[in-house]
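Notes for the one structure printed next.
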Amino acid sequence: MTEQARSGFVTFVGRPNVGKSTLTNALVGEKIAIISDKPQTTRRAIRGIVNRPEGQLVIVDTPGIHKPRTLLGERLNDLVEQVLGDVDVIGFCVPATEKVGPGDRRIAASLDGYPRAKKIAIVTKTDAASRDEITERLMEVDSLREDWAAVIPLSALTRDQLEVLSDEVLALMPTGPALYPEGITTDETEEDRIAEIIREAALDGVRDELPHSIAVVVDDIAPREGSDLTDVHASIVVERDSQKAIIIGHKGSRLRDVGAKARGEIEGLLGTRVFLGLHVKVAKEWQRDPKQLGRLGF
Ligand code: GDP
Ligand code: K
Ligand code: MG
């Protein structure tokens, strides 16, 4: 018996840092979403594509719904609402390592607002939890809703049970042809991916409000004539002069580290050697300014 191919959209929801972006990347098999231990670091809807013999999954990694503090926050919430209303499957994530709390309960209950999507529960980070903890979490999560199509424990880090998840999600998708050509892992542009790599490197080691104030714009990508080098120029945009000083660091030391870390990854992405020119700019209160937001692509 040959079954018809299936395809559709899935997104993962859950509190910040439960492992949604890591899971997206692990399923796609390539880093397309940035991972950070800072909450709320995903800032756009990023699509990752998974091809399987049985069909195609398009994973949409979103920032998640948060209390909006700025115009940027409001726009991101609208974006997430739209994604949740459109997807075929929603995967609700809780980490095996932490007890289910009010935040998890609120998010699980809010899925009532998206009746179109089938819902599955995912217990993440099983590599970091004991058997008893995993069992306890599975029971807690199971009781949060009556309509889970499946409850799956997994580890994105060790890849344990990832296939179980993708099989389960695919089986819930409508039948239909692939939505993207095979061989494509994301619909993100090269510029977007480079900007995110730089943002991830710049986020590493900064604290408090600063992560939220950082945006990155790629100004130029050009192969250098007569060499195997690509010149990439990008701007790291912050909101205040004091933040600019932190990003640059003593005698430019921090910016150099950010550049070195990002350059290696960009070389992997482009498959050439890279000269990376980073410039730090101040755009006052860009998160609240519609014109600046437009310029930064939000
Ligand atoms: P998100 O905010 O839900 O997108 O979470 P991230 O994917 O950014 O991950 C948050 C943190 O959890 C990062 O430090 C990850 O390295 C870590 N993490 C994610 N998945 C796993 C996992 O399967 N096992 C372990 N031990 N850590 C994980
Ligand atoms: K995060
Ligand atoms: Mg994320």
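Glycine is treated like the rest: Cβ placed from N, Cα and C.
Going by TrEMBL, these are the annotated features:
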type	residues	note
DOMAIN	6-175	domain 'Era-type G'
BINDING	14-21, 61-65, 124-127	GTP binding site
REGION	14-21	region 'G1'
REGION	40-44	region 'G2'
REGION	61-64	region 'G3'
REGION	124-127	region 'G4'
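Counted over residue pairs 6 or more apart, the CB atoms of the region 'G3' (61-64) and the region 'G2' (40-44) come under 8 Å in at least three pairs, which marks the two as touching. Around the Cβ of Lys20 (GTP binding site), the same chain contributes Phe12, Val13, Gly14, Thr42, Asp61, Gly64, Cys93, each under 8 angstroms and 6 or more positions distant in sequence. DSSP labels the residues of the region 'G4' (124-127) in these numbers: 2 helix, 1 strand, 1 coil. Counting only same-chain residues 6+ beyond the ends of the region 'G1' (14-21), those with a CB under 8 A from a CB of the stretch are 33-35, 37, 39-42, 61, 64, 92-95, 103-104, 107, 124-125, 156. The list of residues near the region 'G2' (40-44) in space but at least 6 beyond its ends in sequence, with Cβ under 8 angstroms from a Cβ of it, reads 16, 20-21, 33-34, 61-64, 66, 76, 79, 192, 200, 203, 211-212, 298. Ile65 (GTP binding site) falls outside any helix or strand according to DSSP and counts as coil.
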